[in-house]
Each structure stands twice: as C-alpha cells, then as structure tokens.
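Engineer: Take this structure first; my questions come after.
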Amino acid sequence: SLLQFETLIMKVAKKSGMVWYSNYGCYCGWGGQGRPQDATDRCCFVHDCCYGKVTGCDPKMDVYSFSEENGDIVCGGDDPCKKEICECDRAAAICFRDNLNTYNDKKYWAFGAKNCPQEESEPC
C-alpha cells in the first residue's frame with residue numbers, strides 16, 4: 001500500500017516520501033510521462049514500471065508484510081502478488097537512498113507535466 005511505501009522510504013532513505021517524492025520530476029507522484037529528469041526521478045520511473053508488471057492485486061491499496069533483519073527490509077508473506085508489491089517498494093526506497101546526492105528540489109520539485117512531453121516517454 002502507499003502507506004507502507006511511505007514507511008519503507010522513511011526506514012531506508014530516512015526521508016518522508018510524501019514530502020520528498022510526491023511531486024518531483026516527471027515520475028515521482030501520481031502518473032508519469034516524458035523522460036526521467038535525474039537519478040531520483042528514474043527511481044520513480046522504475047517503480048512505476050514495477051507496479052505496472054504486478055497483476056492480480058492493487059499496488060496502491062493492498063497491504064503486504066515485511067520485516068527488518070540486520071537493517072535490511074525483507075518482504076514476506078504467502079501472497080506472491082503482495083510480495084511483488086513489497087519488492088517494488090523496497091527497491092525504490094533503496095534507490096532513493098542511494099541517489100540522495102543527486103536530489104535537486106530547486107530544479108525538479110513541482111516540475112509539472114508541461115515539462116515532461118508524452119512523446120519523449122521511455123518504454124519500461
């Protein structure tokens with residue numbers, strides 16, 4: 001679920017997903033089109049693609065299980081679809097953490113769809 005995604009971002013990247021990633025670049029936030037603008041935006045692009053491959057459950061609403069082991073997030077549970085959602089969220093949170101040094105809110109916060117032409121969109 002989106003609430004769990006927020007939790008994973010807080011645990012892994014030590015940032016609020018709602019504050020830092022809800023309206024950034026062309027792909028961080030609702031929807032997405034155009035070309036990812038930087039490494040952080042590419043994290044969101046890859047996350048969107050990952051959600052797009054999930055079938056049989058709702059990535060934004062369905063609750064999955066995870067645990068922390070030695071500082072790492074481990075996705076669990078018996079439902080393969082929900083586990084896949086967790087893996088998408090986990091990978092994005094790690095990507096955000098690993099690319100904090102390229103995050104540029106002055107340039108890409110509230111970037112807007114007008115700066116992300118549909119015809120420049122990349123396939124997943």
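From the backbone N, Cα and C atoms, a Cβ is placed for every residue, glycine too.
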Engineer: Candidates are Cys43, Cys44, Cys75, Cys81. Which one does Swiss-Prot pair with Cys57 through a disulfide bond?
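Structural biologist: That would be Cys81, the partner Swiss-Prot lists for Cys57.
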Engineer: Which of Asp48, Asp58 shares the Ca(2+) site with Tyr27, Gly29, Gly31 per Swiss-Prot?
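Structural biologist: As annotated by Swiss-Prot, Tyr27, Gly29, Gly31 share the Ca(2+) site with Asp48, chosen from Asp48, Asp58.
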Engineer: Disulfide partner of Cys28 per Swiss-Prot: which of Cys43, Cys44, Cys49?
Structural biologist: Cys44
Engineer: Between Cys86, Cys88, Cys95, work out which one Swiss-Prot annotates as bonded to Cys43 by a disulfide.
Structural biologist: Cys95
Engineer: Just choose from Cys26, Cys49, Cys50 the cysteine that Swiss-Prot connects to Cys88 via a disulfide.
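Structural biologist: Within the candidate set Cys26, Cys49, Cys50, Swiss-Prot assigns the bond with Cys88 to Cys50.
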Engineer: Excluding near sequence neighbours, so keeping only residues 6 or more apart in the same chain, what lies with its CB under 8 A of Asp48 (Ca(2+) binding site)?
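Structural biologist: Spatial neighbours, sequence-distant, of Asp48 (Ca(2+) binding site): Tyr27, Gly32, Cys124.
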Engineer: Apart from Tyr27, Gly29, Gly31, Asp48, which residues in this chain have a Cβ no more than 8 Å from the mean position of the Cβ atoms of those residues at the Ca(2+) site?
Structural biologist: Cys26, Cys28, Trp30, Gly32, Gln33, Cys44, Phe45
Engineer: Near Cys44 (disulfide bond), which recorded positions out of Cys26, Gly29, Cys75, Cys81, Cys86, Cys95 have their CA within 10 Å?
Structural biologist: Cys26, Gly29, Cys95
